[in-house]
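Below is the structure I would like to discuss, written out as structure tokens.
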């Protein structure tokens, strides 16, 4: 950082985000019949990492990030990015 006040351009890191596997390979064991029925009754949302790349609204440079969410949430994000939501890269924020 140069000077007394930080600037966004000085805070941008040059490293790129990498998708990591967050899946757990453990299995549930020794469930009683009641536990199995209760588990089946509940709707289970599995959150997974999704790599997202979109163009900057101003300069069209690719903005990439990874988010962890349920499949329905990533579909909602896709609809928003396809319709009314736009992102701006750090360089264009100034």
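Glycine is treated like the rest: Cβ placed from N, Cα and C.
Bear in mind that the values here come from a model prediction, so they are computed numbers and not experimental data.
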For which of the residue intervals 65-73, 74-82 does Swiss-Prot record motif 'Nuclear export signal'?
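The range carrying the motif 'Nuclear export signal' annotation in Swiss-Prot is 74-82.
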Under Swiss-Prot, which of the candidate ranges 7-11, 12-16, 17-21, 22-26 is annotated motif 'LXCXE motif'?
22-26
Run through the zinc finger (56-92) and tell me, per DSSP, how many residues are helix, strand and coil.
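So the counts come to 15 helix, 8 strand, 14 coil.
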State the mean pLDDT for the region 'E7 terminal domain' (1-42).
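Residues in the region 'E7 terminal domain' (1-42) carry a mean pLDDT of 60 in this prediction.
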